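Pulled from TrEMBL, these are the features on record:
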DOMAIN    4-119  domain 'Tetrahydrofolate dehydrogenase/cyclohydrolase catalytic'
DOMAIN    138-277  domain 'Tetrahydrofolate dehydrogenase/cyclohydrolase NAD(P)-binding'
BINDING   GLY164, ARG165, SER166  NADP(+) binding site
Amino acid sequence: MTDIDGKALAAKLQGQLAEKTARLKAETGMVPGLVVILVGEDPASQVYVRNKERSALAAGFKSEVVRVPETITQEELLTLISKYNQDADWHGILVQLPLPAHINEEKILLAIDPAKDVDGFHPTNMGKLWSGHPVMIPSTPAGIMEMFKEYKIDLAGKNAVVIGRSNIVGKPMAQMLLDANATVTIAHSRTKDLPALARQADVLVVAIGRGHFVTKDFVKPGAVVIDVGMNRDENGKLIGDVAYEEVAEVASYITPVPGGVGPMTITMLMEQTYNACLLAGVADGQD
Ligand code: NAP
């Protein structure tokens with residue numbers, strides 16, 4: 001069994017990104033800019049936003065975190081987004097989720113210019129992904145695809161089962177696996193006899209949000225197991241959706257938690273911001 005080391009891969013990609021950014025700046029004067037809007041003071045969101053800012057600065061980007069109070073109105077938030085949509089210095093705009101209940105999340109995501117939607121959550125970007133022309137793609141599944149590439153895991157003709165059908169992980173993951181010529185099944189909470197279905201997978205991606213839910217019984221010997229889950233156990237320890245110890249006995253490759261999928265997500269977000277900057281440069285040249 002081989003552990004897929006997301007932490008090491010993320011560090012390597014982050015280093016390459018810093019080099020690419022320095023070159024871009026030297027050759028064109030362009031600097032990727034990422035603005036993160038944080039509404040309210042949710043402790044987990046604050047940690048995520050801090051990590052994104054740190055990663056953007058490490059890559060040599062221009063970075064700004066706009067912290068607004070939880071009492072901001074939807075109209076005020078839309079105006080703020082519109083301001084950054086129009087400002088050519090910012091190539092990526094990210095609104096940290098979740099948002100307070102009085103703000104309609106869908107309206108907010110729709111307001112972000114799809115060319116600056118580095119999260120890849122805008123319906124235009126989702127549609128492009130599903131129609132086989134991806135531009136901005138969600139970072140978590142994008143990071144998983146990078147892991148397959150790094151570890152030379154060939155997906156063509158493989159049976160892939162994705163457990164979880166969220167817009168941010170399960171659905172885009174399924175589409176990316178399909179694009180890589182895997183035969184894909186998406187499972188969810190209404191799936192019948194999930195362990196038997198999962199046992200057919202050569203590649204099993206688990207994104208459900210239930211600590212240690214997937215046991216050895218779900219895994220075909222030799223399967224590749226990707227654990228997206230981030231849950232806290234009764235002692236507050238970070239654990240995945242997969243019971244790592246027992247599944248590692250049968251899997252060929254497995255991602256640990258922590259140190260697997262998690263670190264890749266932020267790195268891919270930075271890659272997307274860099275790409276958005278390049279695309280903006282190309283668009284400028286066409287004016
Ligand atoms: P989500 O929106 O809550 O979706 C969970 C999905 O799992 C749903 O499709 C749900 O099915 C399915 N599910 C729930 N219980 C199930 C069960 N018993 N059997 C089969 N399917 C079940 O979650 P998410 O946003 O995709 O996140 C999933 C997990 O990944 C969470 O632990 C989250 O913290 C983690 N995550 C990690 C990263 C990272 O960077 N590492 C990024 C994003 C998310 P239904 O649709 O039928 O309800």
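Indices start at 1 and increase along the chain as displayed.
Keep in mind that glycine also has a Cβ here, set from the backbone N, Cα and C atoms.
The model shown is predicted, which means the values in this text are computed figures rather than measured ones.
TrEMBL feature annotations superimposed on the structure.
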| residue | record | CB count, 10 Å |
| --- | --- | --- |
| GLY164 | NADP(+) binding site | 23 |
| ARG165 | NADP(+) binding site | 18 |
| SER166 | NADP(+) binding site | 16 |
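DSSP labels the residues of the domain 'Tetrahydrofolate dehydrogenase/cyclohydrolase catalytic' (4-119) in these numbers: 62 helix, 18 strand, 36 coil. Excluding GLY164, ARG165, SER166, which define the NADP(+) site, the same chain contributes VAL162, ILE163, ASN167, VAL169, GLY170, LYS171, ILE186, HIS188, ALA207, ILE208 within 8 Å (Cβ to the Cβ centroid), listed in sequence order. Helix first, then strand, then coil: DSSP counts for the domain 'Tetrahydrofolate dehydrogenase/cyclohydrolase NAD(P)-binding' (138-277) stand at 52 helix, 26 strand, 62 coil.
Confidence in the domain 'Tetrahydrofolate dehydrogenase/cyclohydrolase catalytic' (4-119), given as mean pLDDT, stands at 97.
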